[in-house]
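Just below is one structure, and these are the notes that go with it.
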Amino acid sequence: MSGSSWLLLSLVAVTAAQSTIEEQAKTFLDKFNHEAEDLFYQSSLASWNYNTNITEENVQNMNNAGDKWSAFLKEQSTLAQMYPLQEIQNLTVKLQLQALQQNGSSVLSEDKSKRLNTILNTMSTIYSTGKVCNPNNPQECLLLEPGLNEIMANSLDYNERLWAWESWRSEVGKQLRPLYEEYVVLKNEMARANHYEDYGDYWRGDYEVNGVDSYDYSRGQLIEDVEHTFEEIKPLYEHLHAYVRAKLINAYPSYISPIGCLPAHLLGDMWGRFWTNLYSLTVPFGQKPNIDVTDAMVDQAWDAQRIFKEAEKFFVSVGLPNMTQRFWENSMLTDPGNVQKVVCHPTAWDLGKGDFRILMCTKVTMDDFLTAHHEMGHIQYDMAYAAQPFLLRNGANEGFHEAVGEIMSLSAATPKHLKSIGLLSPDFQEDNETEINFLLKQALTIVGTLPFTYMLEKWRWMVFKGEIPKDQWMKKWWEMKREIVGVVEPVPHDETYCDPASLFHVSNDYSFIRYYTRTLYQFQFQEALCQAAKHEGPLHKCDISNSTEAGQKLLNMLRLGKSEPWTLALENVVGAKNMNVRPLLDYFEPLFTWLKDQNKNSFVGWSTDWSPYADQSIKVRISLKSALGNKAYEWNDNEIYLFRSSVAYAMRKYFLEVKNQMILFGEEDVRVANLKPRISFNFFVTAPKNVSDIIPRTEVEKAIRMSRSRINDAFRLNDNSLEFLGIQPTLGPPNQPPVSIWLIVFGVVMGVIVVGIVVLIFTGIRDRKKKNKARNEENPYASIDISKGENNPGFQNTDDVQTSF
């Protein structure tokens, strides 16, 4: 048989083997899809029941259903390993196997897997049920939604906002801290067992594309793209930041620095994530009709149902389908109030089996009107790819899923669209001033959040990678917040806090970079869809409603789900394979030009040194080595606790004896910041149970003077080695060393005297010997005057010579 015949037979055999493996894999996946549909639905339904009615029974039901689903996935993942990916040619089959071969959390031992589920459920419950009570009336308590969020959205009272901001983090963040520490360890273990560097790397894997010619994309490339696009966005953000700072100075003149960072609790919501609610304080041309249509919605008696029906009309107008009847029957669109505890954070649900729902405690505001479009965008995506195999029913990447609803929000927010649905009056006229008002409102929501998103995820990536030690989480968090976002903590937070976990997405295990990538995608999509809609004019004026051409272009991409690489899906819509910030910058170009003109006489950027509590802070410097030498002790958290307790004692004593007031200051009321390794820090004091009431520095100084010696004694230091900068040393005796100083001085003086006497004695003896020797060697005839008959002493009787003293 010829060589070519052998080669042909070999190729046939290999093809047959591959065909057999692929056929077996297809059969396996068909069986998996059928079984997964039922188990996933039961698990999702149990999770929905818990999120809409938080009870112990529903927690247990959710855990049981989740355990069954996890066990099934673990078993199927093991079976999927039997099919080598390199021998699979069919891309659809290959992608499904690739997804299933990822073990996820099932790679952990049974005990660790259960512990991780318990941690996740507990964090979710703490977040959703956390409440803050009035210190003066413990029966008056507020949940995050609507109570605390209402304060953070609308209050102009600096101290009330500070109370809400700090109390949420103190009550919820501190509870979450030990759980989040465990979560990081277990998630990292899971990720590494799945062949990722850490959990952040595991999350970035959602963007990875391998083996698809020129459409490949690496996890490292995501980091590079995010960083370089952020640098392009920074100039616009810095000018927005400077403009907002100037307006906040008008509202809070004694609390803002004209060159400093923005206090975190003044930025429109609990986290400073979206600055939308700052619009009323920052509107450039207030005499123009208000483009925030909240009042119009209230006046026209809109409710949650109307809001979502209007969102549905928008999607239908571009050729996308209506919501299903089951959607309207099963969704929870309003807060049930005291009837049951619910997770109020807006979420869209694809439970499987054609069951799509939204959970949202909708309020009648323009912000929630746009949020409804966002959440319904998720549902449209879910419905579009429902025909895909189970494992490919997802967005091309997580950012795509978030972007779909945001595209619609860009159009729904335009004055043109708001006029068309009766929320702006028919005689509303657009001009340069209304254009700037509109773009500023959009920028507060869109541009203002980008550094927040980037910094949060960068911090988490560093934590998962081990680049931030656990005992420096909060220190690094606020350093990065100052440097990257230009936002400062209104009060210092130590390592008992867990401020990142006070955000829903962190405590509920969502990756966050999706909200950064989605923002870039949404403007790329918007530009492409506006072209399909034959829009002419600036991008920010485009409204794609009623354009079925734009809708069809979008729908073609949505239907792909995860069956094609996201780079290919992006290219199909926008003509490019990568993220591009240009459409976003084009959209905001008129605003950027206006902001630069407005900021001509303002400082653009921020100093990271300033803090809102600086004026009332006292700096402390401690010199342990110079004071105690080899007996110096280590300065650690226990010493800080002792210091805070000592100051609290001084405050109690001062207020009782000088002001005749019994105020029970505690160590938690002494706030320490800027702790440096060479032992220096700042502190200030707040009233018990009221962080917004800072005790004036002058009062604290008086209390310190009054108890200075007691504080010194607690640390075995004196006024020179325990310095309160700005407070003069007291007249009280310093801390006595083990041996009295006068004894030491006396001993030194006596030693010097004795040494002096000894030196004198030996010097005298030495000099006498020298003189005698000189006398003996002198020529006896040298000075004789012979004419005078001088006596020759050499012949005199030596007995007459007296010994010299």
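Backbone N, Cα and C define each Cβ position, glycine as well.
Residues or ranges marked as topological domain 'Extracellular' by Swiss-Prot on the basis of sequence analysis: 18-740.
Among the features that Swiss-Prot reports, domain 'Peptidase M2' is placed at 19-607. Across the residues of the domain 'Peptidase M2' (19-607), the predicted structure has a mean pLDDT of 92.
If you look up Swiss-Prot, you'll see Asn53 (among others) marked as N-linked glycosylation site, on the strength of sequence analysis. Shown in sequence order, Gln340, Lys341, Val342 are the residues of the chain, 6+ apart in sequence, with a C-beta less than 8 angstroms from the C-beta of Asn53 (N-linked glycosylation site). Following the DSSP three-state reduction, the secondary structure of Asn53 (N-linked glycosylation site) is coil.
Around the Cβ of Asn90 (N-linked glycosylation site), 15 further Cβ atoms fall within 10 Å across all displayed protein chains. Per Swiss-Prot, N-linked glycosylation site is recorded for Asn90 (among others), and the stated evidence type is sequence analysis.
The 10 Å shell around the Cβ of Asn103 (N-linked glycosylation site) contains 18 further Cβ atoms across the protein chains shown. Under the heading N-linked glycosylation site, Swiss-Prot lists Asn103 (among others).
Counting only same-chain residues six or more apart in sequence, the Cβ atoms lying under 8 angstroms from the Cβ of Lys481 (chloride binding site) belong to Ala264, Met455, Val487, Val488, Glu489. In three-state terms derived from DSSP, Lys481 (chloride binding site) belongs to a helical segment. Among the features that Swiss-Prot reports, chloride binding site is placed at Arg169, Trp477, Lys481.
A coil conformation is recorded for Asn322 (N-linked glycosylation site) in the three-state DSSP classification, outside any helix or strand. The N-linked glycosylation site annotation in Swiss-Prot covers Asn322 (among others).
Residues or ranges marked as N-linked glycosylation site by Swiss-Prot on the basis of sequence analysis: Asn432 (among others). Sequence-distant neighbours of Asn432 (N-linked glycosylation site) (same chain, six or more apart, CB under 8 Å from its CB) are absent.
There are 16 other CB atoms within 10 A of the CB of Asn546 (N-linked glycosylation site), with all protein chains counted. Summarising the annotation, Swiss-Prot assigns N-linked glycosylation site to Asn546 (among others) and lists sequence analysis as the type of evidence.
Residues within less than 8 Å, Cβ to Cβ, of Asn690 (N-linked glycosylation site) and separated from it by at least 6 positions along the same chain comprise Pro135, Trp163. Sequence annotations record features per position, and here Swiss-Prot assigns N-linked glycosylation site to Asn690 (among others) based on sequence analysis.
For 781-785, the entry in Swiss-Prot reads motif 'SH2-binding', with the evidence type similarity to another entry.
Residues annotated as ubiquitin cross-link in Swiss-Prot: Lys788.
Across the structure, Trp477 (chloride binding site) and Asn322 (N-linked glycosylation site) are spaced 44 Å apart at their Cα atoms. In this structure, Arg169 (chloride binding site) is part of a helix by DSSP. Counting in whole angstrom, Asn322 (N-linked glycosylation site) lies 36 from Asn103 (N-linked glycosylation site) by their C-alpha atoms. Summary of the chloride site environment: with the site residues Arg169, Trp477, Lys481 set aside, the chain residues having Cβ atoms within 8 Å of the Cβ mean position are Ala264, Met474, Trp478, Glu489, His493, Tyr497, Asp499, Pro500. Under 8 Å, Cβ to Cβ, and six or more positions away along its own chain, Arg169 (chloride binding site) finds His493, Tyr497, Asp499, Ser502. Neighbour counts of Cβ atoms within 10 Å were compared across the recorded positions Asn322, Trp477; the minimum falls on Asn322. The separation of Asn546 (N-linked glycosylation site) from Asn103 (N-linked glycosylation site), Cα to Cα, is 44 Å.
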